[in-house]
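Data first, discussion second: the structure below is written as structure tokens.
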Amino acid sequence: MADGQALLRMEGISKRYGGVHALEDAHLDVHAGRVHAILGENGAGKSTLIKVMSGVVAPDQGRMYLDGREVSFANPAAANRAGIVCIFQELSLIPDLSVADNIIASNPPTRFGLIDRRAQRRLAEEALVKAGGEDIHPRARVGDLPLSRQQIVEIAKALARKPRLLILDEATSALTAADVTRVMAVLKRLRSDGMALLYISHRMHEIAELADECTVFRNGRNVESYEQGAKTDNEVVEMMIGREYRHAFPPKPPRPAEETPPALAVRNLSWTDKLSDISLEVRPGEVVGLGGLDGQGQRDLLLALFGVLRGVTGEIAIDGRPMAIDSPRQAKSADVGMALIPEDRKTEGLMLPMSVLHNLSFAALGRHARFGIIDRQAEATSVDEMIRLLAIRSNGTSIPVSALSGGNQQKVVIAKWLMLSPRIILLNDPTRGIDVGTKQEIYQLLRKLSGEGAAIILYSTDYDELIGCCDRVLVMYDGTIKTELAGDEITEHALISSALNIAPQAGAATGEAGHAPVSAASGSVA
Amino acid sequence: MKEWRFFAAEQRATLLALVLFLVMFIIYVSNHPAGFTPNVVQTASNKGVILAFVAMAQTLVVLTAGIDLSVGMIFILCNCVGSYVLGGTMASALGGAGLVLLTGLGCGMVNGLIVIFGRLQPIVTTIATGAIFFGLALWLRPFPGTVPDFNGDLADLFTGKLFGVVPASLVFLLAVVLVVWVPLSRSVIGRAIYAVGSSDMAAYMSGMPVKLARFTAFAVGGLLAGFGGLFLTFFTYSGEASLANGDNYTLFSIAAVVLGGVSLYGGRGSAIGAIFGALAFRTIGDLLFVFDFDPLWQPLFQGLVLALAVTFGAARLFRIRNRLEMFS
Amino acid sequence: MKQDTATPQAPMLLHLRANLPIVISFACIILLLLLGSLYSENFLSPDYLIQQLKVASFLGVIATGMMLIILMGQIDLSVPWLLTTGAMMASAATAFGPAGEFLAVPFGVFCGFAMGMVSGVGVAYLRIPAMIVTLAMNVIAQGLMVAYTGGFSPSDTASSGMRYLATGNLIGGVPNAILVWIGIGALAVFVLNRTTFGRAVYAIGNRESAAFLSGAATQRLMMFGFGISGALAAFGGVLLAGYAGKAAQSMGDAYLLPSIAAVVLGGTSILGGRGNYLGTVAGVILVTLLQSILSVMQIAEFGRQIIYGLVIVTMLLLYGRERALR
């Protein structure tokens, strides 16, 4: 542990939502000039912890000390004034305002009561430079910037408040590898400037690279704090899930024979400047992964297959028959039999205020209806069946789906499509933001479905998942499939080097760091 | 990108509204039997300015992603108040004008307080408060009328011509823009108004004064509707609690705001655009007159132009390649 | 495992919370009747109550369409003139001999449906905010009717069928207008709760993108929703014309705000996706009764407006509040 007084100390913090303890008697010490990583499953209390710290929610119990003096924050602005600034997982940027307006959002420089735009712009430019975003124009509208640039603006905005404690909550999840490299460099510099950083991430390698000290949370309590490097990854995972870490991935059965006719065959598919000349085949019983850096067209490819995109060229054949799929409605019809587990379950997968029952049955409603009239008996029966099959933990089916945990919500999204018994299943990063236990259940389920003859395309930002789940991986780069890896070729090393689109020998040099993003490649990526 | 291109992108909607207005107005005056004379401009501007004030009022609320369906009723109430207090000497009439504006401000504040502290949706809140404001107007003026010593001189000062050429109403509108809108839009609160409309959660997270911004939008909106009511009184010398008029001004203000390029989803647009939208909408109504159409066709024509204008706005749809973008 | 089953909220409690607006609305209805009975015995007489229900039926038919639109997260401001269009076109058809007389009601309703569908295209396919589309449609319908009638109340009178629907009594003592509302209400309950269309209406109101990605024909359904709302507004106009004997220029003005108020007072969220029809029934009766009692008590028009507004605000403050940001 670091010497001296903690910059921020939290003691016995508890916070309840309804009947659930989000935080229970939590303790934490954060020191200046150090990076403190927080680990834990989803629902472990990390988000609540930082919300308390940054004044977004008030704790039910407990004390906070800043420089040894007790403090409490009425709102985020009060926390900011005390030098605690948080970069939240959901962006806190205002899309219709300019970059400069956003960076200097809370208390801009004023002259005669009006905002001094020239001074503001100067401050914004300074902050952008500090955050590694020199290329972003302060007058650009934030909503027009790509997500990764917005994240840089978010960091600049935090720095402009001259924080003493900077909290980053999954702040790198939207960034490309090149941007992560830049952000890491920025964070290291801030640490050496004496700032305290609280770093929350699911990416172990980022924590390994950056953190000085780690604290693991589970069920709203802090389990243990240790110096970075004192524990093995396996020990950490055990602390996180509170039980022995089982082998995560189910065994892969032998791959289907090459001559098995593909369930889905795509020839020369292109779409605007985002996808070009993509050809692929997926056989029944096969799990095909989409790899590559985030944002190389993987999402667009899934949407194109599912009939969401307009102006897609090329051929799609289902069971050998050419098909023009131009809407999700057609994609799910019996002669295509396709399902898409979308990227964002909250806006694309679920109707959050509606009941678990109505969410589960919605996609397959036509199956339980005649002439548009719902057979509620049949509906309830098959919903119950799905809940059992996927072990969805829900207090009855009439509660709103928003009351379920993230993992169970995702299971609902998957289950509502399984009710249609799809033959082709597209999954867009289905385990993002989901606890380890549910992840494993999803892996098992994917294997089971493919064993039953489904053709599966899985896009994942998690390389381990691609390695553990997929029979083949198609690595995408800049809207095309650059590399195909099959069987034993799917290694972390191969995935990373082909994701960065660099020659294998160059990859070998960088690959030894394991996960480390490759700075040499950043030029070609950005 | 060059600086001017950012400026153009920021002001695109307002500039479009200006062009729309200019085109309409040129067609109007070039076909007007009397042509481009100060009198024609004066009449046109007096009618336009009243709607322009109400449209500005609507803009402020719309920028916060709300809607004020009571704006026409605030306007009517202020008109009725004005028909009582704009009498007597110049000084007392001026004091009365202040009272009219305070009435508008007060109504706006009531709306704001209910929406913020009652946590009700603006649309239902203002439907209800609109009924209350109209009831008050009806109480004041069950029948159209005015005070016996109505100060016509003051009224003429604001609705006449400066130096025999420039319509005074336009100059006054410009003054209000400079004194109310410009400082507000450049202040911290003004920025928060845009931010709240764009993403209220992000605005709150960014430590912006979210509640104050909402309140200010409603309050200043009420004040601007008060200016509209004041001008209507100057224009007609009397007050009338007309339900149809109130409803029409509410509806026209929404039309003007849309023509003026203010996004109904909040966060984008400016009151200046809404002013041009209002002037354009008024000119459209008058176009039929110069082309000798039966005035009976006026509502149909206005409706069709409005429909056409918003359909052009939908042209972006054909550029959308990802259908999911339609829903945002 | 950790607390995977989040918020173990008792379903009973959720149920009560969802139905709170309906309970309060009905309580207010009873309260109003009791207050009225202090003023005059007549308020509890069957005749008065039936008469009120009959008047409420017109609003009830119109509010049914409005509720459908609000459930989908939209708003329909074209009610006043679609209503008038329905009334005027049905009356106009009546002038064309026996065939016209026979087709009067369907023709009037069809005109409203067609105009509603046009709005629906604008909202669902062109993605223009419903507030603007229906506003423009309202002005266009007004323009058409004003141009058609020359700005005066039309001389055509309602057909005998229209009069019968609005003023007749099929079953002894029960006015047909009430039966019509019961019929439409029952259909609405069935459609909303038991059909795929109804389920999709709620889904669209909650999250249109999710409904679309689930393979629902969201755009087509939304277009038809506006068509249905237009048809019901026009049907309300047909009934009102039958009630009054003829159509009038501004007959629709008094129905826009009350129809929205009735739906919202009945607990339907103005943001869409939540609400049930029983609430709308309560809201309609409440609004009608409030208007009636205020006028029976001979409160001047201004007082009625003020009290009307105050009641809506007060009731919404009781249960229509959104959750705070924090």
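Quick reminder: no glycine exception, Cβ is built from N, Cα and C everywhere.
TrEMBL annotations: computationally assigned, not manually curated.
Computed from a predicted structure; not experimentally measured.
Per TrEMBL, these features apply:
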TRANSMEM  B:12-29  transmembrane segment
TRANSMEM  B:49-67  transmembrane segment
TRANSMEM  B:74-91  transmembrane segment
TRANSMEM  B:97-116  transmembrane segment
TRANSMEM  B:123-142  transmembrane segment
TRANSMEM  B:162-184  transmembrane segment
TRANSMEM  B:215-237  transmembrane segment
TRANSMEM  B:249-265  transmembrane segment
TRANSMEM  B:272-291  transmembrane segment
TRANSMEM  B:297-318  transmembrane segment
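Within its own chain, the transmembrane segment (B:12-29) has Cβ neighbours under 8 Å at 35-36, 40-41, 44, 259-262, 268-270, 272-274, 276-277, 279-280, 283-284, 286-287, 290, 309, counting only residues six or more beyond its boundaries.
Looking at B:162-184, B:215-237, B:249-265, B:272-291, the range that has the most CB pairs within less than 8 A of the transmembrane segment (B:74-91) turns out to be B:215-237. With a cut-off of 8 Å between Cβ atoms, the residues of this chain six or more beyond the transmembrane segment (B:297-318) that come close are 20, 255, 258-259, 281, 284-285, 287-288, 326. Outside the transmembrane segment (B:49-67) by six or more residues, the chain places 74-75, 108, 115, 122-123, 126, 169-170, 172-173, 176-177, 181, 193-194, 196-198, 200, 213-214, 216-218, 220-225, 227-228, 231-232, 235, 249-250, 252-254, 256-257, 260, 262-271, 273-275, 277-279, 281-282 with a CB less than 8 A from a CB of the stretch. The stretches the transmembrane segment (B:97-116) and the transmembrane segment (B:215-237) are in mutual contact, each linked to the other by at least three Cβ pairs under 8 Å (pairs 6 or more apart in sequence). Scored by C-beta pairs under 8 angstroms, the transmembrane segment (B:272-291) has its highest count with B:249-265, from the stretches B:162-184, B:215-237, B:249-265.
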